[in-house]
Amino acid sequence: MSWLNTKKASCWRSSGRSATKSVTTNDAGTGNPAEQPARGAKQQPATETSRAGRDLRAAIVVGLSIGLVLIAVLVFVPRVWVAIVAVATLVATHEVVRRLREAGYLIPVIPLLIGGQAAVWLTWPFGAVGALAGFGGMVVVCMIWRLFMQDSVTRPTTGGAPSPGNYLSDVSATVFLAVWVPLFCSFGAMLVYPENGSGWVFCMMIAVIASDVGGYAVGVLFGKHPMVPTISPKKSWEGFAGSLVCGITATIITATFLVGKTPWIGALLGVLFVLTTALGDLVESQVKRDLGIKDMGRLLPGHGGLMDRLDGILPSAVAAWIVLTLLP
């Protein structure tokens, strides 16, 4: 998620992609005068889009639908939250794996998907120990699995026997993915286990949403000073200020009424959630720049892939779990 909700990945790799052919237009704006609509003909209204070229109507409908489902789950059947996190882990992991493989990385898919489910579901009986055990086992299996994928990508050695090609870069990308999605998701699952767990999930989610909305609105209206132009040119310091104001305000309210914390603790939590949301967004923006893509997927109309919505939520979930564990 981003303050401007615009994640624009440039710097495409020089991989032989052909440039998009341009069409010479006349004054009417069409490529062929014969194809111009007849005068007085009824034209379809243009779809309303954001500055990122997304369908705003679809984005709002999808966002509200997901929000209503999550609210119902957390209020009436909070333990189903773990199943939702498990499904999100599966989908988001698959999205990133597909993008990495498109970029030439050889990623062990099966152990990542199974290990991710283990990391999430083992939190139910064992808590953080189960999450770390599932994560550790997943990493070990992935490292071994990649060794036996050497027939697909090999490099000659001086002795004549093939050796795994790009093993280090592939395993590094795999471990990064294992931390980024399955491990972070497992901390999100653990938020719901305490007695007031649903309140903590609401507090974290509302803080992230308020940060995004506030940053987007202020950035669009007043954004002039780029924050990190080499990673995300659309983000501005003005937008970040809007994120801070809205995120802190929302967290003070939710922390006070949902989890019973004092306003000053709510303010500190708000700062923490805004920072983790911003860092998560920047990390995904950098990953997409490295891969030369705009979105991780197309699952959610108007949003992109599921991972494009989880980028700020996942590190915020880790931060929320740490605070929940340490605070009395």
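One is the number of the first residue shown, and numbering goes on along the chain from there.
Placed from the backbone N, Cα and C atoms, the Cβ positions cover glycine too.
The compositional bias 'Polar residues' annotation in Swiss-Prot covers 15-29.
Summarising the annotation, Swiss-Prot assigns region 'Disordered' to 15-50.
The transmembrane segment annotation in Swiss-Prot covers 58-78 (among others).
Summarising the annotation, Swiss-Prot assigns transmembrane segment to 81-97 (among others). Below 8 angstroms of C-beta separation, residues 70, 73-74, 107, 109, 112-113, 116-117, 119-121, 123-124, 177, 180-182, 185-186, 188-189, 191-192, 198, 201, 296-297, 299, 305-307, 310 of the same chain, each at least six residues beyond the ends of the transmembrane segment (81-97), sit close to that stretch.
As annotated by Swiss-Prot, transmembrane segment applies to 103-123 (among others), with the evidence given as sequence analysis.
Residues or ranges marked as transmembrane segment by Swiss-Prot on the basis of sequence analysis: 124-144 (among others).
Residues or ranges marked as transmembrane segment by Swiss-Prot: 173-193 (among others).
The transmembrane segment annotation in Swiss-Prot covers 202-222 (among others).
What Swiss-Prot lists as transmembrane segment is 239-259 (among others), and the listing cites sequence analysis. For the transmembrane segment (239-259), same-chain residues at least 6 beyond its ends with a Cβ under 8 Å from one of its own Cβ atoms are 3-4, 196, 199-200, 202-203, 206-219, 222-223, 227, 265-267, 269-271, 273-274, 277-278.
Through the fold, the transmembrane segment (263-283) approaches residues 1-3, 7, 180, 203-204, 207-208, 211-212, 228, 231-232, 235, 240, 243-244, 247-256, 311-316, 318-320, 323, 327 of its own chain, all at least 6 residues removed from its boundaries and within a Cβ separation under 8 Å. Annotation source Swiss-Prot lists transmembrane segment at 263-283 (among others), citing sequence analysis.
Two recorded stretches are said to be in contact when at least 3 C-beta pairs lie under 8 angstroms, sequence spacing 6 or more; the transmembrane segment (124-144) and the transmembrane segment (173-193) meet this definition.
Listed by sequence, the residues of this chain that lie at least six past the ends of the transmembrane segment (58-78) yet keep a Cβ under 8 A from its Cβ atoms are 50, 84, 192, 197-198, 201-202, 205, 300-303.
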